[in-house]
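Visitor: Take a look at this one; I'll ask things after.
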């Protein structure tokens with residue numbers, strides 16, 4: 001029989017010294033600490049040495065209580081250490097909050113108690129600080145679980161939801177809704193494919209991690225079970241083969257149903273408890289045991305599972321044997337509600353509603369010989385488990401390259417932090433300068449983006465829901481909450497994962513033009529959506545048809561929508577963009593620009609402004625370029641001005657009648673008045689280039705000094721058209737859509753959030769569906785730019801053009817982050833292609849390093865070789881200029897370009913080698929190309945006279 005200990009000093013006591021219920025406990029992965037959560041709103045961390053060793057318990061020099069954490073405002077219902085190094089401790093409470101704690105090891109950790117802490121004067125040996133505060137549940141947080149690799153933290157509660165949190169950033173990844181009762185238990189599959197939950201709707205659900213959909217539902221074992229358990233904490237076996245669940249019932253007997261991974265069947269029950277079961281916990285170790293009592297029988301690997309319930313009985317089971325190994329009826333005086341095993345598998349901790357913590361100590365003679373981790377991994381592999389293995393270093397040079405990469409990573413981290421700090425200072429300076437300009441007028445154009453929801457908004461929403469709930473206290477002291485129907489509308493702020501703004505400090509050449517202007521007041525258009533200029537239909541259906549379509553909306557949604565590919569775009573169905581309403585006054589800042597004839601625009605003396613005063617009554621406008629009281633030039637136009645812009649070369653103004661005026665820096669009209677096909681809704685200037693987006697969804701780009709058209713009336717109509725097409729022949733009475741006139745009856749359009757032009761004259765359009773498009777001048781087509789959501793939140797941005805586009809998309813629409821992180825190689829390839837089209841050399845270099853890093857992590861040897869071959873060039877073919885013809889016997893050989901965006905390819909390869917060396921699986925490839933690169937340089941070859949490593953391969 002194991003030794004059973006109940007330390008009297010491990011307790012949460014009130015002011016009178018009375019023990020209070022302990023709802024949860026968990027052991028640190030090192031086995032040296034025990035965390036407990038109680039009704040007294042506190043988390044306590046205990047030293048396990050005095051618990052397990054009586055001599056150390058009597059030693060006054062050895063602390064028993066390590067820390068008391070008192071930031072919750074309600075009972076602490078669940079505590080869980082993260083796996084591995086146990087860096088984080090998660091605590092969930094009745095106050096609907098989850099706190100992530102981290103041990104503070106700094107010398108000033110005990111310099112002072114944090115504001116809000118409540119420790120009742122208890123001295124802490126360790127300083128644990130709140131690392132994150134997670135808000136998302138609308139009621140008590142009942143259970144939590146870290147995924148085996150700490151990639152996710154799952155939490156469940158009485159609000160009938162499960163929330164998946166990112167295990168590193170703690171952003172919300174997914175909210176699982178398919179429950180009709182409170183969720184009281186959650187567990188992860190050790191293979192990394194599934195998540196298990198158990199709820200009061202008498203169902204255990206298995207969720208796929210690939211798409212967060214239900215894989216299986218098990219209901220039979222719980223149909224007749226009582227709904228009077230406080231928890232239903234289930235546990236997955238370490239070999240992934242089964243799940244032991246709580247609160248089952250078979251023939252009026254309380255059981256712990258065992259769900260087999262093979263078909264998700266619950267044919268086995270653990271029988272012996274007389275009252276409902278609250279919790280089950282698998283030992284993290286497998287043991288070698290004999291399946292029968294015959295001493296000659298072979299030993300097989302067996303899991304060990306502990307079960308506790310309301311009958312105060314604690315039982316321990318072998319999965320390879322039909323009967324329990326241990327069953328104690330006096331482990332506590334009230335229900336056992338949580339269990340935790342030590343990392344070595346020989347200690348079992350149990351907590352009870354009577355406030356006691358019981359420890360059951362085993363020996364290997366009692367449980368068996370531990371199975372090596374390699375055998376557990378082998379058992380998991382058959383279910384698809386993939387454990388990363390350590391690769392042996394084959395050369396000293398590999399270690400040198402790894403060290404170089406580590407140094408480079410450290411420098412990049414410091415540089416990134418410095419950029420963020422500088423960007424923060426830049427923002428403060430901008431705010432200060434904006435205050436000065438605010439005295440001129442309140443009509444400075446600002447984008448009319450929807451307000452982002454804040455944490456205060458979310459808490460207010462949760463508080464309103466809580467106030468509407470009816471809470472009653474029974475005679476037994478239990479709290480009962482009457483659920484509130486929330487409907488299917490996804491209006492809760494917690495449904496969306498907010499994308500945290502990132503400070504941007506671009507290293508690419510910045511445009512000296514004024515920011516593109518866009519008034520925030522628009523004339524009334526049909527159904528203007530939030531997030532940008534709306535696009536509507538010029539040839540809409542009649543109103544009656546629209547109403548009829550609305551009435552049939554539900555019927556159509558239930559049927560399969562048949563998509564009909566349109567062969568011709570209807571000219572009457574071209575999107576028309578919303579037109580700005582002329583404002584009384586417009587102002588743009590044009591400081592820091594060159595020289596105005598007759599006067600110099602100095603960098604001192606306040607900002608230089610271009611102001612427009614519109615006279616709506618007379619239909620005219622007046623332009624004024626000035627600084628303070630000093631006026632440089634003025635001009636009068638015959639139509640109200642919608643938008644203004646400027647660069648180092650010129651100024652421009654667009655009027656409501658579709659006319660466009662251009663001015664030199666001295667105010668001279670550069671070109672005759674230009675008339676476009678409609679009013680301009682977006683305008684941007686950069687260097688010599690002027691871009692206009694008209695209400696007819698056409699883009700124009702001109703080189704003003706050269707008086708040349710770079711882009712003329714290039715339509716973006718197809719970029720605004722979505723793929724949601726409703727078949728005209730599909731209705732409630734004809735669900736198959738069998739109608740001879742099956743044509744698209746209604747198409748929806750997205751909005752334009754931003755339209756800008758780059759210093760090289762490349763236009764970029766950003767839409768409200770978070771997509772950005774760039775026009776390729778050679779191919780004469782619009783290309784979609786890569787976006788951050790394609791590759792996951794773990795991608796580190798550079799702060800260049802693509803990062804600025806990401807910021808625009810965040811402002812224009814709140815993106816959901818419900819997709820899981822998948823391989824980002826294809827995303828990085830999109831990023832490289834995007835910055836190549838934008839001709840941004842520094843961004844290309846940044847994303848190339850990210851791409852190579854990801855290739856190394858994934859072990860994509862073929863792609864690494866292909867990339868390195870392109871960078872180092874062919875070994876025996878010279879770099880041929882375009883004027884040299886290639887003979888017929890080498891027509892298959894294509895001339896190698898030694899540079900890309902002005903950068904030497906072989907210099908890039910040299911910089912990439914330490915990054916490649918991060919992956920020891922690629923060390924042979926790294927050594928091969930390092931040798932080839934060294935030999936090429938040693939031979940004194942050159943590459944078209946570029947850089948210090950000039951290469952020329954002699955025939």
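Placement of Cβ uses the backbone N, Cα and C atoms for every residue, glycine included.
Sharing the features that TrEMBL gives for it:
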type: COMPBIAS; residues: 462-475; note: compositional bias 'Polar residues'
type: DOMAIN; residues: 21-367; note: domain 'CAF1B/HIR1 beta-propeller'
type: DOMAIN; residues: 667-789; note: domain 'Protein HIRA-like C-terminal'
type: DOMAIN; residues: 821-871; note: domain 'Protein HIRA-like C-terminal'
type: REGION; residues: 458-477; note: region 'Disordered'
type: REGION; residues: 507-534; note: region 'Disordered'
type: REPEAT; residues: 15-49; note: repeat 'WD'
type: REPEAT; residues: 69-111; note: repeat 'WD'
type: REPEAT; residues: 134-175; note: repeat 'WD'
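Quick one: how deep are these features, and who are their neighbours?
Guide: Summarised by DSSP class, the composition of the domain 'Protein HIRA-like C-terminal' (821-871) is 42 helix, 0 strand, 9 coil.
Through the fold, the repeat 'WD' (15-49) approaches residues 56, 62-70, 72-86, 89, 91, 93, 101, 118-120, 125-126, 128, 230, 334, 337-338, 340-344, 347, 349-357 of its own chain, all at least 6 residues removed from its boundaries and within a Cβ separation under 8 Å.
Using a Cβ-Cβ cut-off under 8 Å and counting only residues 6 or more beyond its ends in the same chain, the repeat 'WD' (69-111) has close neighbours at 23-30, 33, 35-45, 117-120, 124, 126-150, 153, 155, 157, 165, 167, 170, 338, 462, 466.
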Visitor: Per-residue pLDDT averaged over the domain 'Protein HIRA-like C-terminal' (667-789) comes to what?
Guide: 77
Visitor: Could you give me three numbers for the repeat 'WD' (15-49), the DSSP helix, strand and coil residue counts?
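Guide: Residue counts in helix, strand and coil order: 2 helix, 18 strand, 15 coil.
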Visitor: Can you break down the repeat 'WD' (134-175) into helix, strand and coil residue counts using DSSP?
Guide: 0 helix, 23 strand, 19 coil
